[in-house]
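One structure is given below, encoded as structure tokens.
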Amino acid sequence: MAKVLVGLSGGVDSSAAAALLIEQGHEVTGAFMKNWINAEGLPGDCPWETDLDDALAVARKLGIEFRVVDLIDQYKARIVDYLVDGYREGITPNPDVWCNREMKFGVFLDYALEQEFEYVATGHYARRRDLAGGGAAILKGADPNKDQSYFLSLMTQHQVSHAMFPAGEMLKPEVREVARRHDLPTAGKKDSQGICFIGEIKMRDFISHYIPDNPGDIVNLDGKVLGRHDGLHLYTLGQRKGHGVASPREGMAYVVVGKNLELNQLVLGWDEGETPGLYVTSAVVGSVSTINEPFDRQRRVEAQPRYRSKPEPCRVTPMEDGRVEVLFENPQRALAAGQICAFYDGGRLLGGGVFEQIGGVS
Ligand SMILES: Nc1ncnc2c1ncn2[C@@H]1O[C@H](COP(=O)(O)OP(=O)(O)OP(=O)(O)O)[C@@H](O)[C@H]1O
């Protein structure tokens, strides 16, 4: 039996996680992290008050202590600023991955340990395993459709060893069944969408609040002007829609293949293999974080360049500065600087890092 602080977000997965921990005989306390209250009144709907009410209702139903942990300042410094700075620099940030490392298993875990809890539990679909030689590993969640280990790829060994993911041992329908069995008010709640704090706000509206438009030309790979854009930060590599340029070729879309920061030009090309810049077989990944063994030699592993993509076989080679070179067996479409690359050895999560350089590695 352990003392566990479970992050109750007001969703069904974390509600069921709390119920499972109680069933397993742990001493459970629930806590809601107050991260973002939309103090600046951005357009859109950030349902944090409803989520807090739901989290509290779940804790009451389970008969456990409930706390609200105010992390608004840390969230602004560690997640919102990172997101806005990333877009300003023209990269594609991933706040969900950083949120796990910096918030849930960062400041929230620090709080839990200070308060003499041994573990922080969440409703993530991933599995934690103790290793025979000491330490802990993360495996993909039991439900292949729901696996969220990608989002945990920047966690450190210290963080993993104090983490629990009870829902990750089950399939989603079984998790809902647990919530139903305990008559939890969240049993039928639909899954949340999008980045935790932005909720239903469109990313574009959010970014526009912080970064002014900076219009420029949209050009093709030959430099011919095709239209106008509102600011390079509003576009992502590989993007098919939203650039407003209709393709004259039947069945062949125009996609974003590059950004020329100097000329403030958005570059479009055809969505096909030969288009320069769209498909690459190599990349440099920085801010590398590993859960168990470090990348200290060349290895064959699988890399997952985005949440919903499949793991791609690749060779990882450590560089002297701590970054790694990744050589993919198959060309990868639209990798973007700032995106997170998660590394796996079969079902085990090895760690992850941030794409820094795309293509051009020998
Ligand atoms: N505001 C929060 N307070 C406490 N814990 C949180 C909060 N947001 C997320 N978490 C924890 O992190 C886990 C994963 O977060 P994510 O945003 O993916 O949740 P979700 O898909 O909405 O899951 P859930 O169904 O549990 O709400 C949650 O299951 C929960 O344990």
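Yeah, the Cβs are placed from backbone N, Cα and C, and that goes for glycine too.
Curation plays no part in TrEMBL annotations; they are all automatic predictions.
Annotated ATP binding in TrEMBL involves G7, L8, S9, G10, G11, V12, D13, S14, G123 plus, out of the candidates M33, M103, the residue M33. The CA atom of S9 (ATP binding site) is located 13 Å away from the CA atom of C99 (disulfide bond). Distance from the CA of C99 (disulfide bond) to the CA of M33 (ATP binding site) is 12 Å. The DSSP breakdown of the domain 'tRNA-specific 2-thiouridylase MnmA-like C-terminal' (295-354), given as helix, strand and coil counts, is 0 helix, 36 strand, 24 coil. Here the domain 'tRNA-specific 2-thiouridylase MnmA-like C-terminal' (295-354) returns a mean pLDDT of 97 for the predicted model.
Taking the Cβ of G7 (ATP binding site) as centre and 10 Å as the limit, one finds 24 other Cβ atoms among all the protein chains shown. Within 10 Å of the Cα of D13 (ATP binding site), the following recorded positions from the list C99, H124, Q339 place their own Cα: H124. Around M33 (ATP binding site), taking its Cβ as the centre, 26 other Cβ atoms fall within 10 Å, counting all chains.
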